[in-house]
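The next block holds one structure in the form of structure tokens; read it before the comments.
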């Protein structure tokens, strides 16, 4: 979550064992490391596992309600615990990244993710609901070490022509985890009447999750490195050359909060992503209300939302790397998220599941595809501030709105029906669309890359002239 110069003493380039080059990088030298793809894939994988654990209860809400004998609201809080934990812990974790570096954050996040998965295995009896809450809270702690990292890893490890694509792939892993969280639990945990059989099916899901989380933690210990031996872009080289004394974490946050364009983006990102969190948490309840006994299809609809969103995220990243049209792309995607939500709202109750699949897929393509756009647009608006700090503030906004929207929409659904609950989300997406239109496209990171490239070319021309 924090810029690279804070990870090491100024003026010292990393001599990274196992990287492409050994020894100290030359001043101003820019090159990308082959290891970057392994780091990105590994991060995406343990982010996937953590996201799976976020939604694994909500995707079969009715099953866990019956098994533990608790209310729907109690199961909803298992998902909302992720949002609640993130808000107070973001800044301590960002400070820790600033002081101790990326590798420690990766190790801690993957370790907590595995620990939480193993704790859940102690909750396989109906009276042990508090144990499953504890396991979920530990997993939510892991999420604080994961959620704000995509733009930071992309900037530290990838060149200027790959950075948006890399950020999209990093977010892609988290979204794939949510997709599997919708798909796998309804298959592994059928809604059987016998409590012992139900406990057996739940144990299979918990054991599989714990095994995967542990394997990923071991891989992080072996593979994950602090940073590449050379900066991958001119913008990153400029940051690494900046003296450490110039950087103040508190001052960085204050500068971000005084940046009007970033504050607008922070609010609009929170509105959009908060709607996605609420929709994901309450999807099972919505679908079961209109299509009783269709738990598996409810999971498949959630899967459709996320898979189409993953395609949207990847395409938006490729588009940004090609065009650099951050403001225009963000606004168009936001408008289409609103349109998709309106169409989904009025087709959910028609009685045709195939229609719900189609409209949910369109909604997911834009709403979930918006996530990496927000991270990358924030990095552009706030350069040279930390990508981790800016994305962390975006995520705090998302968690706050996510909790508020999930509780409010749940209550509206209970009293006025699912259509009223979804219209509630539509109203805030409309507000977010209007606010997005007022964000100015002040692309400071692109400007820094262009200026450094221009300076480098002028220097090369002067050397050539002297040679003549």
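Note: Cβ is positioned from N, Cα and C throughout, glycine not excepted.
The following features are taken from TrEMBL:
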type	residues	note
DOMAIN	39-444	domain 'Major facilitator superfamily (MFS) profile'
REGION	1-27	region 'Disordered'
TRANSMEM	37-57	transmembrane segment
TRANSMEM	77-97	transmembrane segment
TRANSMEM	104-121	transmembrane segment
TRANSMEM	133-154	transmembrane segment
TRANSMEM	166-188	transmembrane segment
TRANSMEM	200-224	transmembrane segment
TRANSMEM	262-280	transmembrane segment
TRANSMEM	300-319	transmembrane segment
TRANSMEM	331-347	transmembrane segment
TRANSMEM	353-371	transmembrane segment
TRANSMEM	392-408	transmembrane segment
TRANSMEM	420-439	transmembrane segment
Contact between the transmembrane segment (262-280) and the transmembrane segment (133-154) (3 or more Cβ pairs under 8 Å, separation 6+):
no
For the transmembrane segment (331-347) against the transmembrane segment (420-439), do we get 3 or more Cβ-Cβ pairs below 8 Å once near-sequence pairs (under 6 apart) are dropped?
yes
Mind checking which residues of the chain, 6+ beyond the ends of the transmembrane segment (200-224), have their Cβ under 8 Å from one of its Cβ atoms?
38-39, 42-43, 45-46, 49, 52-53, 56, 67, 102-103, 106-107, 110-111, 113-114, 116-118, 120-121, 124, 184-185, 188-190, 192
Hey, which bits of the same chain come close to the transmembrane segment (104-121), Cβ under 8 Å, at least six residues off its ends?
1, 43, 46, 49-50, 53, 93, 96-97, 131-132, 134-146, 149, 203, 206-207, 209-210, 213-214, 216-217, 220-221, 224
Which residues of the same chain, at least 6 past either end of the transmembrane segment (392-408), have a Cβ under 8 Å from a Cβ in it?
1, 76, 79-80, 82-84, 86-87, 90-91, 93-94, 147-148, 253, 256-257, 262, 265-267, 269-271, 273-275, 277-278, 281-282, 374-375, 378, 424-425, 428
Averaged across the domain 'Major facilitator superfamily (MFS) profile' (39-444), what pLDDT does the model get? Just tell me the whole number, please.
87
